[in-house]
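K.L.:
The structure follows.
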Amino acid sequence: MPTDETANVASVYLGEKPDHGHDVENAGREVTVGSGQHHEEAKGCSSSTEQIATISAPFSSSLEHEKPVQIEEPPPSSRPIPPPDTGLQPWLQVIAGHFLMFNNWGLVVSYGSFQTYYTSSVGLDGGNANPSLVSWIGSIQNTLLLLGGAFGGRWFDAGYHRYMVGSGTVLVVFGLFMTSLVTKFHQALLAQGFCVGLGMGLLLIPSVGLPSTWFVRRRGLAVGIVSSGASVAGIVLPIALRHLISTLGFPWSLRILAFISLATLLVSNVLIRQRLPPRRLTKGPTPFVEYPALRQPDFALYVVGQFITYFGFFGFYNYVESWAKSTDLDSGGFPLEYILPVLNAASILGRLIPCFVADYTGPLNVAVPSLFIASLLVYVWIPLRTIGPLLTITVLYGFFSGAVIAITPAVVASLTEDLTSFGGRMGVMFLAIACSSLVGPPVMGAIVQMHDGNYDAARVYAATMLVGGGVCFTLARMFKSKGKFMVRV
């Protein structure tokens, strides 16, 4: 942006009339800005690589001896922005985002393997760790991940994505190496809960923000591929950790995991590129979360819908395995510890196929039915007593819940006219999700305890929260489409 002192110079540069009213020959450059893309047409320039242009115009006699005006090259923000959806660079951001997602949400959905080890006879505190206390490690990790997404959006918009990914890489890898040394609860809480959690929070916004700004027509497919990184980790890591711990022990299993994280995150550090120019941080006190975005009705309704949804969204993920082991479920010989890997495997398809469809139908047209179907599946879960129907519900819930998660960045982008504020808006979204996802699972657990271990009321609670979120999604869609049904939204 030009400063006040160079305003007249810029007007000459753009071929406008100067303040003193005398005509000036068009000095040469016409800049058109729209839809997040800059197009520059140079006229009368001898070379596109000139650093300084000297302009001499026929002024009146009072200006005969005025020195030529020197105009510096326009700032980087006025240079042409790479077009979206073209070339190799957008897909390199998808690869980078996939590995970033593998190391943030992927570690969250794999925490069950750590919970099992920490509460075992050879786990923390000499095998005497309280399961309820140990669960706080995963809860704090999840909350710091979402809070990092909430407050990191403005830094991402300001162009600090490399600092965020670099710092997140150091914290995640260092935290995992330190976790390999823990023997006490407080050590695991500091190393895995806080250190790894803070690192994952720094990785979250770049993982979804970079691919979302490099795509328009194929944005849904791009964010779906990125989001599938979490599901891949949710399948691979629990199975790998279970076998590694039994053969190599916990310390070396965590070191191998740390090396895997280091290798994948180094790839992301090399590949990341930001397409849009940085959005300068305003001087003075500026909120890190872009609350003014909530004045837009469709966006505000979508955020409220997400807030309500995540009071019950993780109910199936957190309690389906414990419910299956605590009831008289006829497992038919199926190992119940593989229910979560099945759920995450189905989630991969749910993060890819609906997002691909969203490129043609619109992201909100996918998000609304996916959330309503997910709520129906939780209601259907209540009367089940055999493994066959449970696995069917597990696969379907993994598919449609995966769609709800993966489509979120595409929906936010579709509700954002100026994509330079995309990170700040994702911050608003993650802050809402952080609050409800932190409270939701403990509330569901308290309901189970109130009913002496019966899960029926808790499942009704979870499904009802999903329905409430679906209603808000529907209202957001109606605002966006202005009441029309058969339109791409």
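Cβ coordinates come from backbone N, Cα and C, glycine included.
So TrEMBL says this about it:
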REGION    56-85  region 'Disordered'
COMPBIAS  73-85  compositional bias 'Pro residues'
DOMAIN    90-480  domain 'Major facilitator superfamily (MFS) profile'
TRANSMEM  91-113  transmembrane segment
TRANSMEM  133-151  transmembrane segment
TRANSMEM  163-183  transmembrane segment
TRANSMEM  189-209  transmembrane segment
TRANSMEM  221-240  transmembrane segment
TRANSMEM  252-272  transmembrane segment
TRANSMEM  299-318  transmembrane segment
TRANSMEM  338-357  transmembrane segment
TRANSMEM  364-382  transmembrane segment
TRANSMEM  394-416  transmembrane segment
TRANSMEM  428-448  transmembrane segment
TRANSMEM  460-479  transmembrane segment
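Provide an account of the burial state, proximal residues and distances for the features listed.
P.N.:
Sequence-distant contacts of the transmembrane segment (91-113) (same chain, six or more residues past either end, CB-CB distance under 8 Å): 137-138, 141-142, 145, 165, 168, 172, 196, 200-201, 203-204, 206-208, 210-211, 214, 222-223, 225-234, 237-238, 241-242, 261, 264-265, 267-268, 271-273, 317, 321, 340, 344.
Beyond its flanks by at least six residues, the transmembrane segment (133-151) meets 104-105, 107-108, 111, 114-115, 118-119, 124, 185, 188-189, 192-194, 196-198, 200-205, 288-289, 426-431, 433-434, 437-438, 441 of its own chain at Cβ-Cβ distances under 8 Å.
Counting residues 6+ beyond its ends, the transmembrane segment (163-183) has Cβ neighbours under 8 Å at 100, 103-104, 107, 124-125, 152, 155-156, 190-192, 194-196, 198-203, 205-206, 250-255, 257-258, 261-262, 265-266, 268-269, 272 in the same chain.
Packing against the transmembrane segment (460-479) from elsewhere in the chain are residues 297-299, 301-302, 304-313, 315-316, 364-365, 367-368, 371-372, 374-376, 378-379, 382, 415, 440, 443-444, 447, 489: each is 6 or more residues past its ends and has a CB under 8 Å from a CB in it.
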K.L.:
Which listed stretch (189-209, 221-240, 364-382, 394-416, 428-448) has the most C-beta pairs under 8 A with the transmembrane segment (299-318)?
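P.N.:
So the stretch in question is 428-448.
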K.L.:
Same chain only, please: residues at least 6 beyond the ends of the transmembrane segment (252-272) with a C-beta under 8 Å from a C-beta of the stretch. Say none if there are none.
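P.N.:
Tertiary neighbours of the transmembrane segment (252-272) are 92-93, 95-97, 99-100, 102-103, 161-162, 165-166, 168-169, 172-173, 176-177, 179-180, 203, 206, 210, 237, 240-241, 244-245.
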K.L.:
Average the per-residue pLDDT over the domain 'Major facilitator superfamily (MFS) profile' (90-480) and send me the rounded value.
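P.N.:
Mean pLDDT, the domain 'Major facilitator superfamily (MFS) profile' (90-480): 90.
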